[in-house]
């Protein structure tokens, strides 16, 4: 494993070069893609325990922040967006930030296999497969699907296409089995099976959301701080808004905002379970870091589940299309699409509470999930017609002839 990683580190992949603040003094340094680096936390997080010893450079960071003129904003409200959908093509989204810490731990433990679990179109499972494959780690995915489809080939739509292209071992489980057995028992059962086969598996929980994975968005809070410091307009955010599907992202960004210089109020829009569940789950992550804070003091969680996880109303999908048409920002239907839809609805219900505020929306990626919604979205699309060409139009050659 060591020799393989050394070989990878010698490959000069400029795609992954990025600014990374790795010292307590927040001095930027350059880290090459796929390199393993010692980690030092922000000074304001140095009391947390345990502190990760290393991190892998996997994401393309820092991701940009720009104004987002979303339709329907209250008067005087400024909305900005942080493009964590730009963390890398196959690795795109928020999950890769957690994987930088989790996979460094897997390599430290001399694992040769990674096990993780999620829904049939899990962004986390796709990112885990790609990142693990970069590091020569085999991947086993437990994917939740309907009872009717659990015994069939899952196909090649969206995230599944990428996972299967790069060689993931896919294990299908029905939603009913997932619910009755639980994700932890399922991953442990697969771990025991692989250990009997002589493998050294490392288990990553749903969404990479454990206390170690939480460091990914503690580090993202530092990144946002540095981006604001580099501006000359004194921009400061009053609120940070982000979707919530497993809890690790909101735990990290809310703790980082609370402890660091951001001091923005964090709003999470949960796309599954309910706010009480996530407050309790996030509290467990915070306690696992010995943070000494109450989740209800540092984050406000809104219910954005709608019809259910990965299920959309026609209004939500219409909103995704309208946002893309108006702003060229493409939201995914499972996470950021629902979060932005519910944010606008909250603003419409109580515009006074949002007027004049500067808000940062974190786009957590998930574009590939749109491919699973093409049948539902077909009726929302237009803007096409058969080109009417008159026979009298004379031929004229251009560049790039196709015949």
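For all residues, glycine too, the Cβ spot is worked out from N, Cα and C.
A quick note: this is a predicted structure, and the numbers were derived from the prediction, not measured.
Listed in TrEMBL:
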| type | residues | note |
| --- | --- | --- |
| ACT_SITE | 122 | active site, nucleophile |
| DOMAIN | 58-365 | domain 'Tryptophan synthase beta chain-like PALP' |
| MOD_RES | 95 | N6-(pyridoxal phosphate)lysine |
**Fill in**
Mean per-residue pLDDT in the domain 'Tryptophan synthase beta chain-like PALP' (58-365) works out to 97
**Item:** Distance [Cα-Cα, Å, rounded] between residue 95 (N6-(pyridoxal phosphate)lysine) and residue 122 (active site, nucleophile)
**Value:** 10
**Prompt:** In the structure shown, which of the recorded positions 95, 122 has the fewest Cβ neighbours within 10 Å?
**Reply:** 122
